[in-house]
């Protein structure tokens with residue numbers, strides 16, 4: 001026979017107001033020791049502590065004591081007209097036995113519902129809350145996500161802004177680039193090849209070299225994608241499908257933001273200040289059309305006066321695109337979950353910045369930039385295909401065609 005299992009001791013949850021004399025109002029609040037006005041959530045308390053506990057549970061707020069978590073200890077009456085440590089006040093409410101399940105109002109956030117259930121479970125099992133238990137409110141969650149994205153953006157600025165090392169070529173394909181570790185400086189690109197300086201036949205002088213900012217901006221988008229949670233959950237083939245559909249749009253967003261906020265220009269520029277697109281000496285209807293559609297995202301940024309936070313969240317949403325047809329369903333779900341987080345953050349940010357009246361309209365205006373991005377990406381790829389076709393007819397030698405290509409990675413993205 002197996003010995004009988006010991007039952008887990010349960011905390012006595014008999015309601016305090018049922019063991020005290022009838023028709024007698026408690027005199028002291030068990031949290032702040034001010035005069036009590038009655039029993040609230042099964043504990044003698046004042047109106048202030050009752051409201052504080054209810055509001056904390058409903059919103060799921062997070063508080064932190066900056067001392068030693070004993071701000072409300074002792075027997076002295078707490079002056080609630082002054083600022084009281086909210087972390088210690090809430091801990092005192094829990095220790096006194098306030099029952100979150102007695103709150104009739106529903107929690108307004110997932111964090112609030114989680115907090116409510118956790119405290120109720122601890123009470124049932126006769127346990128105490130762990131020291132340092134953390135619950136995020138909306139502001140904390142927004143700041144946490146933004147902090148992570150800003151850190152990533154800052155670290156990848158060198159990849160986008162510095163261009164390729166002069167005279168060096170990145171000859172990797174998209175699969176190889178995605179399989180390697182994240183790089184934060186173009187000098188770290190593995191297996192770069194060096195191209196000797198060419199001498200002009202006409203002048204006898206060395207030809208001007210390009211830093212290939214077009215390639216480095218797309219490379220920055222690829223490195224950016226590796227920092228997201230979904231990157232470790234989906235396979236390499238899904239990553240390639242995703243980047244072929246999103247890398248160029250992310251690069252266009254970064255180019256527009258760099259021009260608008262950093263270089264303070266109303267014409268799209270490369271990070272070194274030179275004009276983006278075909279050289280000024282080239283002209284013609286197709287060239288002018290290209291110059292025109294390259295400005296579209298920048299125009300949207302200027303029209304909507306997009307700030308840094310909005311840009312960073314928009315870029316994350318653009319990258320996390322689960323609606324790509326060829327993506328496997330399981331992989332698209334990973335991407336969708338992450339996209340929903342960034343979309344919610346952008347909506348919350350719009351509400352914080354523009355209020356409940358104008359916030360939703362601001363959110364819609366920012367999302368409308370996606371249409372501009374989609375159209376610009378389509379025009380860029382169509383134009384690239386056209387130019388590629390012309391070169392293939394003009395140059396039959398594959399080696400010559402290879403030299404005309406910006407990079408293997410860019411060619412795959414534009415395909």
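Every residue, even glycine, has its Cβ placed from backbone N, Cα and C.
Among the ranges 29-49, 92-112, the one that Swiss-Prot lists as zinc finger is 29-49. Sequence-distant contacts of the zinc finger (65-88) (same chain, six or more residues past either end, CB-CB distance under 8 Å): 31-34, 46, 48, 52, 56, 131. For the zinc finger (29-49), the residues of the chain that approach it from at least six positions outside its boundaries are 15-17, 72, 75-78, 80, 84, 89, 92-93, 96-100, 102-103, judged by C-beta separation under 8 angstroms. The zinc finger (65-88) scores a mean pLDDT of 85 in the predicted structure.
For the DNA-binding region (26-105), the DSSP-based tally of helix, strand and coil residues reads 27 helix, 8 strand, 45 coil.
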